[in-house]
């Protein structure tokens, strides 16, 4: 567009501000221009006649003086026109014509979106947004605010709280430093280095060196004093932490008032450049007068007062705690190391100061004849030798082990010696106290156990207990607490629910791994049970429960062997992974047997209220407990009508599906196997060796047992890496007639054949009470069972998916049979019968064997 065209928009006069248009692209770099006011006055070089909004004139197409034009726009035109006679600028953005490469943006147009997002407000000098200076200013401003890290999250609670604290710093004013900011952290660390240097170097320089005009000494003093003066200024802009209510003061006025009332005087006195004043005064006085200025070097000790800033040291300790959390150090170890290091460092620092003081006082007195320096003729010795003897003298006094090379003779040395002894005794007492507290805090549980056992010993002495009782009590405490005592209930009670469950599951992991009841159950059921267990220890010969008493607990065996005793002299062994005492909890009755500990037993007990509370939420597990209880009662020659009625009701109503019934039968089968192991003499000690790898997985055990129960082709237990694939071998037998029994084997292992019956669709996994349990399986003597194969072998076949045969009359059942009253139904096989298969009815009915022999023969016939 040229000057003759009406390219300008209505109302775009220099004296008016048009409405903002679409944001233009960022212009090329241009010299910084001052930001114009919203309504600039008319240009004095152009006529200020108004133009109509409907008649845009040529002045509407002129660039404003305040606009930023590109170099191409400055090639031609007058009064701010763009080159080539075509205005290429617009107050609202770039021209919409074809010539868009030459553009200038008017001052009336607002900043672009990129500038608003990437820059702050322009400075008073007209600095454009997005410049390098603004970027550095933003980065440095972020250093003054608390960052989002582990330390700040622990201090403020959440990321949102940290962001609110950052907004507080921004709104508090310019150059306000947060005490937890990164800048303050690095600054405090730098000041710590200067503190250590001044605490060590300044006393040595004042005491043992005469010439203070050397270049290293001047550089050290200049740098130190400069940093302390800067620290004095920064303290007026640093927030103050109120330890009582954890409030952080960020108001500049409050910071100034509080700093003036506390540490300002000490910091100001310590920051005065005394050395520079001495150097200036030295040129205006003669040398004789300057000799007396040596005594004025004591003024340098005012800097020591400024370096003992306890608040800064405490702030450093808080940051060290942050480092400990980052590097995953334990709090006890970190605090112990910090306390010991601080105490040792303070004692060494006091020894250093005392050593310098031992030489400084005689030096200020021009080394009198009775001082230790003159007596030893060490006035003209080197500073290292003088410092070594002075430090030895000071440490001898502080540790109260002597006076050094000779006893003090002058009054000054006597007072210095007494001062050293007082300081040393104080440090020694502090060290003993800290060391004692450290030792007690590192092993508080053992200390608590020792204190408790001392009370037990006094109790035994007071009641004059015999020696055997005292030994039993001692053994109990050793096995129960193992040298450490703590309130576990209180510790777990203070934790939240998820964390408490994780800890309980971890503590009881061995119990869960050894119990198929837990390993194959719902994880929620396992967690609910474990959170209610109580740990107990019993010694050999202790009767855990007695027959005929009211049961209030059941027990789970983690380690140990127990014997189940009845009045009929029938005994049954239980070991790791078993449980007992659940029968009376299920029936609300009395104990049906006594349980005695054969070894040291580590058990977990469960009260009756907690037991019923958990089982109300998991009915299948109640059914599993009831089924195992019926099987155990049958093995010791007893029965419970209440449990039988409950199980029959569940079977008839079809509450549980086939999968749940199979799991229940696996639990029953594994319980029988564990009893057989204990009866065969394989007793487990208090701390048994770890089982073979193929037995450690309870899930693999269940899968292998199920596969072997339903697959007659598997002639031996599945052991090895292929064990986990065994569920694919599980097959259901189609309904059909029961295959005929195989040819009989040896008479000792061949039970009498049970009457067969036609098969029908199965409705329950149990036979009717009183019916004989018929089993079909290969014969395997019990002595051939190895330790590795017993837990994985299918000693009791799982129930097939068919209906048990109708039960015969009660009179047809042998009276002396030890077969369980609730046994699995006849098992159907899909493969052809092998010659070595035989019916597995209990031989005890025909041969009149002892109950233990009957159980063993029943085990071999079932296998």
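Just so you know, glycine gets a Cβ as well, placed from its N, Cα and C.
Matching 509, 623, 632 to the 3',5'-cyclic AMP binding residues that Swiss-Prot gives (581, 582, 584, 591, 592) identifies 632. Residue ranges 109-129, 130-150, 151-171, 214-234 are listed, and Swiss-Prot annotates 214-234 among them as transmembrane segment. According to Swiss-Prot, of the residues 750, 764, 771, 750 is the one noted as phosphoserine. Residue with Swiss-Prot feature phosphoserine, selected from 445, 818, 840: 840. Among the ranges 73-93, 241-261, 262-282, 451-471, the one that Swiss-Prot lists as transmembrane segment is 262-282.
Other Cβ atoms within 10 Å of the Cβ of residue 380 (N-linked glycosylation site), summed over all protein chains shown, number 6.
Sequence-distant contacts of the topological domain 'Cytoplasmic' (235-261) (same chain, six or more residues past either end, CB-CB distance under 8 Å): 165, 168-169, 172-173, 175-180, 184, 267, 315.
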